[in-house]
Amino acid sequence: MSKRQLISSEEDTDKGKVAKIGDTDHDENTAHNNMAVATPAKTGKRTDYLSWDEYFMAVAFLSAQRSKDPNSQVGACVVNPERKIVGIGYNGMPNGCSDDELPWARQAESNLETKYPYVCHAELNAILNKNAADIKGCSIYVALFPCNECTKLIIQAGIKEVIYYSDKYHDQPNCKASRRLLNMAKITYRQFKPRKCQIVIDFTSIDGFPLKQSLSVASP
Ligand SMILES: [Zn+2]
């Protein structure tokens, strides 16, 4: 392994690094990078592309940005054994039920004035949004370890693997129930460990002006 490859792999494991989709080489030809038209065409295969796990988890996180929940945005992505996405969902109120009228509070004098009796979790929506005849044998990528209610759905849908990012409610009873059910149903679950903690989507990169360059060009 060359020194440069070594550095590259070390950077990949650095959680503080920001992955910029469409970012250009930033170790050489700095002057060229300030002028996209002058940047020579690259000939080698990209090495900083997303892994499958990163890709599907990123889709789940992007979907979560559609959520109206002010406190918790969760996304889920169902993937078949051929690595095709067959369902995406995020937490939200049921179809036809106004998310302007229903409450979003986590606490209130009455449980009926909290979101909990009404909101559909991301896993439920991802499973019901499926665009395949069934999702038996699929994997589900979720931002948050599934609650016991979603775990029931996951099991009944025939999903065989759960990949989650956060386990912040690990010690709560509903998560303990989830693990109990998943273990009994022989569904594997594993925590996703990203190489990088952020992926930045830069719309301008397609025009050859990645974010960094735009900023550097704008600066005197
Ligand atoms: Zn749930």
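Glycine too: its Cβ is placed from the backbone N, Cα and C atoms.
Annotated region 'Disordered' per TrEMBL: 1-35, in sequence order.
Annotation comment: TrEMBL describes 14-30 as compositional bias 'Basic and acidic residues'.
The feature domain 'CMP/dCMP-type deaminase' is assigned by TrEMBL to 51-182. When the domain 'CMP/dCMP-type deaminase' (51-182) is classified with DSSP, helix, strand and coil residues number 43 helix, 25 strand, 64 coil.
Taken as a whole, the domain 'CMP/dCMP-type deaminase' (51-182) shows an average pLDDT of 97 in this prediction.
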